[in-house]
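One structure below.
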Amino acid sequence: MGTPPGYRPSAWVHLLHQLPRADFQLRPVPSGFAPQEQEYQQALLLVVALAGLGLGLSLIFIAVYLIRFCCCRPPEPPGAKSPPPGGGCVTWSCIAALLVGCTGIGIGFYGNSETSDGVSQLSSALLHANHTLTAIDHLVLEMVERLDEAVRTELTTLEEVLTQRTELVAATRGARRQAEAVAQQLQGLAFWQEVPLSPVQVAEDVSFVEEYRWLAYVLLLLLELLVCLFTLLGLAKQSKWLVIVMTVMSLLVLVLSWGSMGLEAATAVGLSDFCSSPDTYILNLTREETGLGSDILNYYFLCNQAVSNPFQQRLTLSQRALANIHSQLQGLEREAVPQFPSAQEPLLSLEETLNVTEGNFHQLVALLHCRGLHKDYGAALRGLCEDALEGLLYLLLFSLLSAGALATALCSLPRAWALFPPRNPSASCSGSHLSEPFLHARLEPVPHLRSFPSCRRRPH
């Protein structure tokens, strides 16, 4: 197989590709990328199910911990005002877990950006490949139209002008046959002209899905960030209602984190299987979708010395035919113009058409070489198998840190807000809590005022 330029399977691809896979009956499944097979689909669904199992175990652990905390707590002696020992450690452990969650959010933003960059690189490569294929079809169509127009007009006019010289008419008809042969050979070079698969449509579909995936992760990251910040605010303000609301929100984000972890893990495993050996799957899929021959697909996807150019014979015949037409036109110009001056104008027009056709032909030869499309293929693989896979792994790390941090916070928050000091509702409503220093100042004994002579009342 020919490796695309600049692409080598990374260490993460090899590591994930070596992980064992099993179906629902726990039978081993080969690690080759085969999304159409039921056993392989079950293996990926089993990876998602493992994340669901982790969510279930986390919820069971949290429920058991909270039930034990609420129901098995020893009664406090009457009149006890001091908080139980270990309350500060509980609060600080909750804060530390939330800070770890904030760190995971930063990792998630980076991973989401990397994944988006990889998919954008894939879309750009598809669009560039479509531009190359469209340029090939356009050049072939333009050259065929020019040659057909020359056969219908200039060469027909030359035959009418040179009817008195049979050898010149024979040379003109030879040039006509050569032009028709070139046009016929060129029509076989537009290999993508009637293919139903459009790289532009594939790029648009990929970009559409990626746009919603990126937006969904941004909303999830922002939601978790708000939960962490408001929970820290509730702990700092010792607000029970805010901490209780954020506890419920933390439970929701915990479920979303485990769900995203399952999707990320299954996608990363499937992508590693694809990236370990992408050529075989891409060749088979493209052959089914386009109906093109194996020789053309092997030439562009592999692009090595072992695969010959399937268009080389057509290009060689076309180049020879164009050279023969050029030499025949030069001979006609030498022989016919002195005797038939009216033949000069169609001959000049034919020379101009031939020069433009030869220039387009050289450009077509460069576009038909496998180097350009194979470079786009390598860019698409690098975007998908390097940047996108790396971003998925960062998102997987974010989900893991988020799930661990939120599980710790859910265990610590009830114990933390249980330690908050009770508030006096009457004091909070009357505002005496804010004027407490002034009340203390009013209850203190007021010292006697000194009497100054100027302040004494004089008798009238």
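Numbers run from 1 along the shown chain.
Note: Cβ is positioned from N, Cα and C throughout, glycine not excepted.
What TrEMBL annotates here:
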- 43-67: transmembrane segment (TRANSMEM)
- 88-110: transmembrane segment (TRANSMEM)
- 214-235: transmembrane segment (TRANSMEM)
- 242-261: transmembrane segment (TRANSMEM)
- 392-413: transmembrane segment (TRANSMEM)
Sequence gap of 6 or more, Cβ distance under 8 Å, 3 or more pairs: do the transmembrane segment (43-67) and the transmembrane segment (242-261) meet that? yes
Report, as numbers and ranges, every residue of the chain located at least six residues beyond the transmembrane segment (214-235) whose Cβ falls under 8 Å of a Cβ in that stretch; write 'none' if there are none. 91, 94-95, 98, 101-102, 105, 108-109, 112, 115-116, 242-243, 245-247, 249-250, 253, 256-257, 260, 395, 398, 402, 406, 409, 413, 416-417
Which sequence positions outside the transmembrane segment (88-110), separated from its termini by at least 6 residues, show Cβ-Cβ distances below 8 Å to it? 217, 220-221, 224-225, 228, 231-232, 235, 391, 394-395, 397-402, 404-406, 408-409, 412-413, 415-416, 419
